[in-house]
Structure formats: C-alpha cells, structure tokens
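Noted in Swiss-Prot for the protein shown:
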- S110, L111, L112, P113: (6S)-5,6,7,8-tetrahydrofolate binding site (BINDING)
Amino acid sequence: MTSVIFMGTPQFSAPILSSLIDNGYDVLAVVTQPDRRVGRKHVLTASPVKQVAVAHDIEVLQPEKISGSSEMARAIELAPDLIVTAAFGQFLPTKLLKAAKVAAVNVHASLLPKYRGGAPVHYAIMNGDSETGVSIMFMEKKMDAGAVLAQRAIPITDQDDVGTMFAKLSDLGRDLLLETLPKLLAGELTPVPQDESQVSFSPTIKPEEERVDINLSARMIDCKVRALRPFPTAHIYLNGVRTKLWHVTVLDQKTDLQPGAVVSRDKHHLAIATGEQGVLSLDELQPAGKPKLSITDYLNGTTDALTVGEQVAE
C-alpha cells in the first residue's frame, strides 16, 4: 500500500483527500492550517481537510508555520512514499519535500505555467479567460514551478463564479490525481518542464483590489464580480456608500453617459454606465451594514433619487 502525507486546507482540498482514502492509499497524516474563528460569532472551526481526517482517525498536524516546526519533524519522521499537496497555503522546505521516498506532488488549480500563486481561479475569471484547468506537478522550492505530470482543461462559462469553479476544479483535480499517481509510481510518466517565458502569477487578492473600477468595460466588471463571488466580494461606492456587488448583468446596449451615471431606472431595475460606453444592470447589492438585497428591495428602501444621468457610482 502506498503511504501518503496529505497537505491542504480549504474545501477545494477535502474531496481530494477523501478520494485518496477511498482508493486505498495509506494516509499516514494530514497537515493543515490551525483551526480559525469564522463567522460573526467567531466560532473556532476546523478546516475542511481536518474534518475529513478526524472522521477517518488520521493523525492531524497543524503548524502555524511549517518550516522548522515540530510538525515538520513529525512529517519527515513518517517517511511517506508520497507527499500530496492541494491548496496548503505555505511554502514547503526542501528538507520536507525530500522526505517523500517517491515524490512530492501538488494539485494546482490552473494550466501551468499560467497563474502560479495563491489565487489562480480568481484571476482566470477576472481576466475573462474562456477556460482554466488543473495541473499535477512535482513540487520544488520555487513556487508552483515544478515539472508538470498531467493537465486537464475545463471551460469557464459566463455564469461561473469562483465558488462554482472551485467545486468543478476540485472534482477535476481529484480525478486527474487518481489517474496520475499509479502512472507515476509505475515510472510511466515523462515530466514536462514549464516554459518560463509563459509564466504568469496570481497573487492573493488584496483588499484594495476588491473595489471595482467603474471605467472598466461592463464585461470586465461582470468578470470581476464573478471572480470575487462568494469571496472576498467586489464593491463600488453607490451614492457614497460602500456597496458589495453580488450579481450584475451586462446589457446589450451602448451609452454616451459618463461611467457611473444612471442609464435607466424603474421600480425593479437600475442600470449604470461603464467604461467603453457599456451598460451594466445592478441585480443584487449589499450596502454596508445591511443584508443582501435584490435591486427591487434596494430601490424600495432607498431615499436617493437615482435619476437618469445622475452620477451615482464610483
């Protein structure tokens, strides 16, 4: 039986761990981030990966930082055949990677060398890409730079957001890993080095990047809204109030009004001008301090005039 140490944290990683367990791999231990307080009530919550491990009585290691930790020493002591990572969220020291007797491999949610880094799904949607995918690659000290063992692509639809794509890519990564590991163990794969001239990066989204530039085209604003939904969520300032954008629609029309101006409005509809003469319907909003609101509920509750031509969004 092939022994594995699995390293991962979010929901993306949990089905991948479950599949290894269900398919006869001997998971010696799971390394995941420490429990975090979540939600308005700040409830201390185990990561999805830890929850799977606990359910199967697998040893759980939770270092705040893996490098130099006692948890790293324990992982090295276990001497697994494979180290498998999926969205673990930390750099792994070379000493740890070399503890794997066969290989240390990573399930990365992009078509490498495109979108190395921590937010590949967000960037694929935000940039309006028509497809993304999963890469299974050797791990090395440099971030997401190892030779690729397998790749598979899937389309990004106009309805997809980061939530739906994470779910699709998790399933894809699970299936591709299960196909790849037996071939790796049998020595049947030829690793393909990444083309360094094609490398791009997807660093973690910063809070200031969550604000929508109303001068972008309507399509690119829609892409940004979907790329940041359900987390961390895009926002604009609507009549001076920070307002999250949950759902918008690109309208098939043009306007000469300045970006941020009201193009049309009735009891159930509000559309604003964007860059490149675009028009964007605001369908579901969340003003600061309030719950999500349909545009109908928002318009019923606002005292703002929101008249056609009025500059309201920035």
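Glycine too: its Cβ is placed from the backbone N, Cα and C atoms.
Quick caveat, the model's predicted, so the values are computed rather than measured.
Taking the mean position of the Cβ atoms of S110, L111, L112, P113 as the (6S)-5,6,7,8-tetrahydrofolate site, the remaining residues of that chain whose Cβ falls within 8 Å of it are H108, K114, Y115, R116, P120, G133, S135, D144, V148, Q151, Q194.
Taken residue by residue with DSSP, L111 ((6S)-5,6,7,8-tetrahydrofolate binding site) is part of neither helix nor strand, so it is coil.
Cβ-based neighbour count (10 Å, all protein chains) for L111 ((6S)-5,6,7,8-tetrahydrofolate binding site) stands at 21. With respect to Cβ neighbours within 10 Å, the binding-site residues S110, L112, P113 differ, and P113 shows the lowest count.
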